[in-house]
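**Q** As listed in TrEMBL for this protein:
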| type | residues | note |
| --- | --- | --- |
| REPEAT | A:86-120 | repeat 'PPR' |
| REPEAT | A:148-182 | repeat 'PPR' |
| REPEAT | A:249-279 | repeat 'PPR' |
| REPEAT | A:280-314 | repeat 'PPR' |
| REPEAT | A:381-411 | repeat 'PPR' |
| REPEAT | A:412-446 | repeat 'PPR' |
| REPEAT | A:513-547 | repeat 'PPR' |
Amino acid sequence: MINALKTLRTLNPAKNLQGYAETCVYLLKNLTGQGLITEGAALHGHLIKTGISSERYIAIKLLMMYLDSRKSAEANEIIKDFNGFDLVVHNCLLNAYVQWGNLDLACKVFDEMPERNEISWTALISGFMKHGRVKESMWYFERNPFQNVFSWTAMISGYVQNGFSLDGLKLFLRLLESGVRPNEVTFTSVVKACAELRNFRLGASVLGWIVKSGFEDNVSVSNSSITLFLRMGEIDMSRRVFDRMEKRDIVSWTAILDMYVQMGELEEARRIFDEMPERNEVSWSAMIARYSQMGYPEESVKLFREMIREGFKPNISCLSIVLSTLAGVEALKAGMGIHGHAIKLGIGKNVYIGSSLVDLYSKCGEYKDGRLVFDSIAEKNVVLWNAMISGYSLNGEVEEAKKLLDVMPSPNNASWNSMISGYIDHKEFDEVFEVFNRMILSGIIPDQSTFSSLLSACANVASLEKGKDLHGKIIKLGIQYDVFVGTALTDMYAKSGDIDSSKRVFERMPEKNQFSWTVMIQALAESGFAKECLDLFDEMERMSLLPDELALLSVLFACSHCGLVDKGLQYFNSMATVYGVKPKGKHYTCVVDMLSRAGRLSEAEEFLNSMPFPPETNAWAALLSGCNRYKNEELAERTARKLCEIAEKRSAGYVLLSNIYASAGRWIDVTKIRKLMKENGSKKSTGYSWTEVRNKVHSFYSDGTHANSDEIYWILELLRSEMCIP
DNA sequence: TTAGGGTTAG
């Protein structure tokens with residue numbers, strides 16, 4: 001562009017008007033493209049002086065520039081110079097209104113046009129598509145007398161962009177039947193549709209078609225092919241396409257970043273990113289998103305700061321990625337900073353930004369601020385609604401969540417799933433199945449995550465019947481081989497006491513992850529299969545999967561229960577060094593329990609006293625019960641005193657202490673504790689029971705809060721009198 | 001008329 005400016009200075013409009021005008025047109029186009037309107041206006045002034053501002057081609061470019069920057073007054077001035085509104089001027093206006101998002105105005109211009117060409121029709125068709133108004137777009141497309149490649153392609157790419165890839169492909173088939181030849185842009189969109197739908201068979205035949213039609217070397221086509229191959233898992237093929245390209249652009253480089261990420265080589269991706277010949281905000285966003293998705297939030301945010309430092313303007317995508325990263329680490333302050341930034345940029349009310357913000361505020365406990373953001377957004381989509389529903393669920397406001405779910409326009413899987421997990425988090429298990437039934441009635445088909453939530457509810461209430469019923473539904477839907485579902489089934493069966501079924505499900509899982517292994521290991525430990533548990537742990541290690549704190553706790557538990565004290569100590573000592581897991585209170589407690597059960601009481605006491613942080617109350621209790629078992633009165637006294645100290649601070653300590661005294665037969669001490677508790681006003685949390693009647697789980701508390709409480713007690717009285725109990 | 005990155009749930 002600088003060269004063009006230099007050329008302009010050397011040209012004399014009096015001598016070479018044609019060349020001068022052409023250079024001006026080029027300059028105006030570029031200035032408009034880069035948003036350099038002040039410079040454009042200066043050039044306009046210069047053109048007036050030269051006397052060629054009314055030259056048709058120049059005037060049109062000037063008009064486009066002013067329309068593009070929404071300078072209506074200036075645009076009107078230019079239009080006055082034209083002899084009425086001809087076709088081109090009308091098309092310029094049409095395009096501008098579409099770009100401004102004012103489709104009503106665009107339609108009015110379109111309707112009033114005395115004549116229309118293919119550009120007018122395509123402008124309107126793609127305009128409706130751009131704003132997600134697919135039906136109206138189709139309406140105009142069907143009536144378009146100029147069905148050329150452009151309007152076909154506008155429709156196809158519009159469908160793909162709006163998430164209707166299948167309709168896009170159907171239209172592509174119609175295009176082929178119509179005899180119109182697809183161009184490189186059509187192919188680019190069609191390949192994208194195949195990638196999106198993971199329809200690899202069709203994808204492969206489209207690629208063959210592309211070669212036959214000679215568009216193989218087109219940059220855009222190659223770029224979309226790289227992504228198609230990546231989605232197909234054909235990493236070598238995507239690399240081959242990239243290597244074969246004669247010309248590569250930012251898009252090609254950005255696409256290849258994903259190849260390395262998919263190969264698990266984030267560092268290599270970073271190297272490519274650092275060495276890319278050219279970067280834009282999309283490449284930056286891609287790298288920032290990858291760091292966040294691969295579990296490196298700090299690195300992601302660091303890169304974002306670097307991007308800003310280098311003078312790149314973050315767009316909506318980029319800000320929403322960063323906001324969701326910050327939400328993940330509950331960085332409220334930093335997130336609020338970005339919120340302010342977004343408002344300044346005028347995109348504070350965008351749905352993408354809004355959804356991330358609702359998520360951020362909710363995850364940080366400020367769900368009321370989340371609601372303010374939610375209310376401020378005019379064009380709400382499902383994602384935003386779901387973000388708010390799960391925000392309420394997360395903060396224990398399940399009733400509010402339910403209210404939203406009831407009024408939202410078209411809830412999907414995720415909406416219902418958020419509601420279900422809200423009830424699970426707050427242990428309202430009878431509500432869980434209630435919501436599930438409503439979900440089914442509303443015609444939404446539950447998915448993997450619905451079932452893994454429901455199964456965890458079954459595991460919590462040990463409802464084997466319901467769990468089996470769900471297992472049947474899962475098989476009917478054909479999702480029994482999903483990792484999440486398999487893991488949840490393993491857990492449900494184990495927690496409901498059916499360890500054989502649990503093992504069977506686990507063994508048949510085609511794909512297992514760290515969680516699946518942990519659940520099975522835990523199940524074996526808690527069901528008393530200590531040896532099998534340890535064997536499975538060894539097997540997990542052989543698969544070079546790193547055990548987490550829960551798996552390690554189960555291993556310690558298993559060792560403790562089959563008397564493998566030294567082996568247990570060995571595992572404990574290698575937790576930090578070998579497995580990189582810092583032992584927590586519960587691990588220490590397990591070791592104390594292990595030592596106490598084996599009668600190694602003084603060792604246990606020493607271990608407790610050498611802990612780097614205060615032990616759990618349970619740890620002292622474990623030692624005390626060891627003392628009782630091995631009749632070590634002296635240590636028992638010392639431990640009991642310690643427990644008393646703790647008990648004074650927390651009600652749980654009292655409860656535990658009184659239970660321990662009770663089991664040791666020290667009834668006088670028990671009464672003392674109960675009295676103390678009464679004086680201090682501490683209350684044990686209420687115990688409850690439940691039963692399942694006609695697919696509904698009923699929970700009972702001794703305080704009679706069940707809805708049918710009166711009726712239940714009445715029946716109970718009746719039964720009592722029948723049984724002749726006074 | 002286009003390709004690469006993008007919000008919720010899991």
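Cβ from N, Cα, C; glycine included.
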**Q** Quick test of the contact rule: Cβ under 8 Å, at least six residues beyond the ends. What residues does that give for the repeat 'PPR' (A:148-182)?
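**A** The answer is 118, 121-122, 125-126, 128-130, 132, 134, 137-138, 141, 188-190, 192-194, 196-197, 199, 202, 213.
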**Q** Determine which residues of the chain contact the repeat 'PPR' (A:86-120) at the Cβ level, with the cut-off under 8 Å and only residues 6 or more beyond its ends counted.
**A** 60, 63-64, 67-68, 70, 75, 79, 126-128, 130-131, 133, 144, 146, 148, 150-151
**Q** With a Cβ cut-off under 8 Å, give me the same-chain residues at least six positions beyond the ends of the repeat 'PPR' (A:249-279) that come close to it.
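**A** For the repeat 'PPR' (A:249-279), the sequence-distant neighbours (Cβ-Cβ under 8 Å, at least 6 residues beyond its ends) are 219-220, 222-223, 226-227, 230, 235, 238-239, 242, 286-287, 290-291, 294, 296, 312.
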**Q** Do you know the DSSP helix, strand and coil residue counts for the repeat 'PPR' (A:86-120)?
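**A** Once the DSSP states are binned, the repeat 'PPR' (A:86-120) shows 27 helix, 0 strand, 8 coil.
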**Q** Which residues of the chain, 6 or more past the ends of the repeat 'PPR' (A:280-314), have a CB below 8 A from one of its CBs?
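**A** Residues 250-251, 253-254, 257-258, 261, 266, 269-270, 273, 321-322, 324-326, 328-329, 331, 334, 341, 345 contact the repeat 'PPR' (A:280-314) from elsewhere in the chain.
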**Q** Note the mean pLDDT of the repeat 'PPR' (A:513-547), expressed as a whole number.
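**A** Overall, the repeat 'PPR' (A:513-547) comes to a mean pLDDT of 91.
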